[in-house]
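Asker: Take a look at the following structure, please.
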Amino acid sequence: MKRGKKTDDTSAEGENDTGSATAKKAKKSKEPEAPVLYEDPPDKMTSKDGRSANMKITSWNVDGLRAWVKKNGLDWVREEAPDVLCLQETKCSEKALPAQITSMPEYPHKYWAASNDKEGYSGVAMLCKTEPLKVTYGIGKEEHDKEGRVITAEFPNFYLVTAYVPNASRGLVRLDYRKTWDVDFRAYLSELDIQKPLVLCGDLNVAHQEIDLKNPKGNKKNAGFTPEEREGFSQLLAAGFVDSFRELYPEQANAYTFWTYMMNARSKNVGWRLDYFLLSSSLVPGLCDSKIRNKAMGSDHCPITLHIAV
């Protein structure tokens, strides 16, 4: 970022040394601006059409499942008590899963997907209180599915898809791959939507609009905020899906779900909104609330929760 223009030295002409030093000291001790934080409002449990929420879904990019478990992530999950818990970036093969999560009695139905090629890379999970009708892995294209990025569960009234969308990476080395993914993933979701409506949740690795990140101007050429990625998201919305948070809170700024570990970004709330619940348009009348649980620690992302009547 460009620094502010230096103060014109001529204004200090004629001041003695002591005065000049005092001015400098006063300038140095000026309090930094307090960060603008987001307060997650009380949960709304009734939809616009008057129905009570009967499904609670939580999604969380845990940035390494084993580390997250050690940081007591499961204590927060038990307190939140969603009907379905979706996790992304688990970085863990099924054989290496911690017993604390594989043995959770609250979620007797557990599903895991991991990268075939790279240990400790990517990976998603879905933990359900009630058994889905059917569960599938991937989107039916080997080039994408080998990275363990998608689980789809069919429930009586809707599909639930959890996804960890590929990052365009530093230097945008995977931007072309990401553009291919966006087209293929949108086609997959549209196919499902023809059969029954769906909820998509997860780390979609894009801040859609300038309101969705703290520093839009400085990030236009960085992964997660390139015109190509933002356009891919716009096309997903145009295909009949709705960003549940923006549906309810169209003007809400400073609401982020990811903060880099560097430069105290989280305490300053210098973040990005990368985690979403998207809904088929036909499910929107039953939308009750879309929450950002930004007080929950344990990852560089925070969890998000959806209340919906289905």
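Cβ atoms are placed via backbone N, Cα and C, with glycine included.
Sharing the features that TrEMBL gives for it:
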type	residues	note
ACT_SITE	Tyr164	active site
ACT_SITE	Asp203	active site, proton donor/acceptor
ACT_SITE	His301	active site, proton acceptor
BINDING	Asn61, Glu89, Asp203, Asn205, Asp300, His301	Mg(2+) binding site
COMPBIAS	41-51	compositional bias 'Basic and acidic residues'
REGION	1-52	region 'Disordered'
SITE	Asn205	site 'Transition state stabilizer'
Asker: Can you tell me how far the Cα of Asn61 (Mg(2+) binding site) sits from the Cα of His301 (active site, proton acceptor), in Å?
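Answerer: Distance (Cα to Cα, whole Å): 6 Å.
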Asker: Return the residues near His301 (active site, proton acceptor), defined as same-chain residues 6+ apart in sequence whose C-beta is under 8 angstroms from its C-beta, sorted by sequence, else 'none'.
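Answerer: Same-chain residues close to His301 (active site, proton acceptor) (Cβ under 8 Å, separated by 6 or more) are Trp60, Asn61, Val62, Asp63, Asp203, Thr257, Phe258, Leu274, Asp275.
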Asker: Pick out which of the recorded positions Glu89, Asp203, Asp300 has the most other Cβ atoms within 10 Å of its own Cβ.
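Answerer: That would be Asp203, with the most Cβ atoms nearby.
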Asker: For the recorded Mg(2+) site, whose residues are Asn61, Glu89, Asp203, Asn205, Asp300, His301, find every other residue on that chain with a C-beta no more than 8 angstroms from the centre of their C-beta atoms, and list them by sequence position.
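Answerer: Near the Mg(2+) site, beyond Asn61, Glu89, Asp203, Asn205, Asp300, His301, sit Asp63, Gln88, Tyr164, Thr257, Phe258, Leu274, Asp275, Ser299.
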Asker: Within 10 angstroms of the C-beta of Asn61 (Mg(2+) binding site), what count of other C-beta atoms is obtained when all protein chains are considered?
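Answerer: So the Cβ neighbour count for Asn61 (Mg(2+) binding site) comes to 26.
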Asker: With DSSP, how much of the compositional bias 'Basic and acidic residues' (41-51) is helix, how much strand and how much coil, in residues?
Answerer: 0 helix, 1 strand, 10 coil
Asker: Tell me which residues of the chain lie with their Cβ under 8 angstroms from that of Tyr164 (active site), as long as they are six or more apart in sequence?
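Answerer: Looking at Cβ-Cβ distances below 8 Å from Tyr164 (active site), excluding near sequence neighbours, one finds Asn61, Gln88, Glu89, Ser122, Gly123, Val124, Arg149, Val150, Gly202, Asp203, Asn205.
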